[in-house]
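Asks: Got these off TrEMBL a minute ago, pasting:
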type     : residues  : note
TRANSMEM : A:12-30   : transmembrane segment
DOMAIN   : A:95-304  : domain 'ABC transmembrane type-1'
TRANSMEM : A:99-123  : transmembrane segment
TRANSMEM : A:135-157 : transmembrane segment
TRANSMEM : A:177-196 : transmembrane segment
TRANSMEM : A:235-261 : transmembrane segment
TRANSMEM : A:281-307 : transmembrane segment
Amino acid sequence: MWLTLGRRIGGLIIVMLLVATMVFFLTRLAPGDPAALMLGDQATPEDVARLRAVYGLDKPLLVQFGLWLKEVASGNLGQSIFLQRPVTQALAERAEPTFFLTLFSVSIAALIGIPAGVASAVWRGRAVDQIVSGLAMLAANVPSFWLGLILIQLFAVRLGWFPVAGYGDPGAPLADRLGHLILPASVLGLVNSALITRFTRASMLDVLNEDYVRTARSKGVSEARVVLRHAFGNALIPIITVVGLTAALLVGGAIVTETVFGLPGVGNLVVSAVLRRDYPVIQGALIVVAAVYVLINLAIDVIYTLVDPRVRT
Amino acid sequence: MSPTLLFFRRLFRRKLVLAAALVLLSLLLGALLAPWVTPFKPDAMRLARRLKPPSDVNWLGTDEFGRDILSRIIFGARASLGIGAAVVAVSMTIGTTIGLFAGYFRRLDAPVMRVVDAMMALPDILLAIFLVAVLGASAFNVVFALSIVYTPRVVRVVRASTLVVRELPFVEAARALGVSTRRILGVHVLLNVASPVLVQATFIFAYAVLAEAGLSFLGAGVPPETPTWGTMIASGQQFADDAFWVVLFPGIAIVLAALSLQVLGDGLRDMLDPKLRKAL
């Protein structure tokens, strides 16, 4: 088990290195000189040259990459051009809403998706299955930002049940701030429940056809116990995977929803950085999001070994 | 019965798939024939009739400049579906080529797949918005960015199928007969991985339509003056409190397009993959 884990971690480090390489070189595709871009139209050539020297932009590209990689590996993601502070600090300040939004969205998605998927598999081909599959298909194809706008109109503007946007006063109690997440988390939960539903249904169908399920039934185990214990227990691994991957992709994928609801999260930071061409912030955010994705993947692997004794050997 | 006719008869045996194909066809026809089928010019402003609710003149209402929403949705289909189709064409061509090579030549497999893993560690919309930010917002760059985002998916699918096909006896037979590697890959293997690629194409089309709308909404897509479903929602959102139709109808167009592509893709997969059909 430790050997597999070690090999996995090695693979993850390679993936992160590749992500960093991509992020660095793709940024350099940008037309124009980053230093000139930072200084704006008024800058003299001397100013630009000075800034190029400060940022090391006058060195060969590969040297620049090496220096940058060293900094990133030691946890320094550089300085934001517009926010006058380190990128890591800017990201940390925005982490709270994104963290809770992801947590709530995944919980909602799992609470909808897993029971719906199980029911759909158990009553395969019946009305329940057709309704669940149809709704899941619909949910997967609704743009989250649009659903957000519609729900804001319905529940916030017209009915007044929820705040329209924002994250409340920073000094307010946590519960108050979290109240602002109910609507956006419902949108993301609904949209992302589709994939979990489909995966749960498929893996339950696989398991329900297994011999041991037939054996359990034939020795008179109650149907509820067959489904919940014998089948669901064994269908868990793909379900854990898809829930974990949903969480991993939501960390960065929620950017559109954060914008719609005016949440001051990481996604919002990225969008404003994109519009202002604040490259260090974009690069930093991409690397952190990829790192979270990779770490959640590792966590999924560890959970496997805890849930399924067969993987341990 | 000709094979083509048989193909469509089997595909459309499920009424839902037929309905999806018809919706898609009408959207495509609307996009192609937009100047002839729209009741108004998409950019004809009539400020006296701004933000009017749906009526018998403007079936889906008017926007903040008094432009006809139905006409703009039909013209918007050109950009939205056009970008989607271009993304499919580019990512399919590049992804299939890379996937064939990665699956066929063992030595290429590991390095290619690590790069694919790295690209898939970044959420679609985040990678796309980053690329558009770097390259500048234009329809061409949106296609470029989304093609980079979706190519790894194609590579994965094609590589997985190629790994299976490579070991089949007919490939070995072709090799033994002295057929060139180019021909084995370009004809024998390609034809046998074609169905998962086709299914993937419809899914990527749907994802691309959704992603383009998201990018345009964030202001990192096509320029806001071009009518696409995403830009319509983006510019309409500040008027949504008084005129919900400005936001509602372009969104329904996105859902219709993406949903029918997905249903069609599912239909194709069920028909082309006998293993999966059994599970239904």
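Heads up, the Cβ atoms here are built off N, Cα and C, so glycines get one too.
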Asks: What else in the chain is close to the transmembrane segment (A:12-30), if you only count residues 6 or more beyond its ends and a Cβ gap under 8 Å?
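Replies: Cβ under 8 Å, 6 or more out: 37, 61, 65, 68-69, 72, 277, 279, 282-283, 286-287, 290-291, 294-295, 297-298.
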Asks: Which residues of the same chain, at least 6 past either end of the transmembrane segment (A:281-307), have a Cβ under 8 Å from a Cβ in it?
Replies: 1, 5, 8-9, 12, 15-16, 19-20, 23-24, 27, 72, 77-78, 80-83, 87-88, 90-91, 236-237, 240-241, 244-245, 247-249, 251-252, 266, 269-270, 273-274
Asks: Cβ under 8 Å to the transmembrane segment (A:99-123), counting only same-chain residues 6 or more beyond its ends: which ones?
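Replies: Cβ under 8 Å, 6 or more out: 129, 132-133, 135-136, 178, 181-182, 184-186, 188-190, 192-202, 204-205, 208, 227, 232, 239, 243, 246-247, 250-251, 254, 257-258, 263, 265.
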